[in-house]
Amino acid sequence: MRIGIGIDVHPFAAGRKLVIGGVYIPGHDGLDGHSDADVLLHAISDALLGAAALGDIGLHFPNTSAEFKDIDSMILLKHVGKLLAEHGYAPVNVDAMLLLEAPKIAPYIQQMRQNIADALGLQVGDVAVKATTNEKLGYIGRKEGAEAHAVCLIQGK
C-alpha cells in the first residue's frame, strides 16, 4: 500500500465554464487554466501519481503542450489510472476536499463521486468529496479562486 497527496489551485475567470469533479456547474465563472482547470481532478491526479512515484500532472500533461489545451480533465484522470495499471498499481480509495466560498457544491458532490469512481474503476463508496469555505479569509474568502486537496491510497496488483 502507498499513499499520495495532491493539491491544486486555480483562479476564477470570466467567460469560462466551471467544471469540478467532471460536473458542469452553471451560473458561476469558471476556473482559469490550460486545461478545463478542474481543480478537484487535478489534485486527485497528482495524489495518484505521487503515490506511485510517477511525477505529477505537469510532467505528464504539460501546460506548454497544445495537446492539452482546454482538455477535459476526466480524460487526464483516466490516463493517470492507466499509468498506474501499467506500473502495477490500482487505486484503493480517494479522499478529497474542495475549498471555495461559492458556488455551493453540495448539490453536485454525489455526481462528482460517481464520475471519479467510474474513471478509476472504484466503487462510489471508495471516493469521498467534501467542500468547505475559507470563512471569507484569503483569496478563497475573496472568491478569487478555488483549491482542492486529495489523499489517495493505492496498492500493488
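Glycine too: its Cβ is placed from the backbone N, Cα and C atoms.
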Matching residue for the 4-CDP-2-C-methyl-D-erythritol 2-phosphate site, where Swiss-Prot names D8, V9, H10, H34, S35, D56, I57, G58, T132, T133, N134, E135 - out of R2, R142: R142
Between N134 (4-CDP-2-C-methyl-D-erythritol 2-phosphate binding site) and D8 (divalent metal cation binding site): CA-CA distance (Å): 15
Shortest C-alpha distance to R142 (4-CDP-2-C-methyl-D-erythritol 2-phosphate binding site) - which of the recorded positions H10, H34, H42, T133: T133
Residue pair H42 (divalent metal cation binding site), I57 (4-CDP-2-C-methyl-D-erythritol 2-phosphate binding site) - Cα distance, angstrom, rounded: 7
Env. residues of divalent metal cation site, Cβ within 8 Å of mean position of D8, H10, H42 Cβ: V9, L31, G33, A37, D38, V39, L40, L41, A43, A146, E147, A148
Neighbourhood of H10 (divalent metal cation binding site) by C-beta distance under 8 A, where only residues 6 or more apart in the same chain count: L31, D32, G33, A37, V39, H42, G145, A146
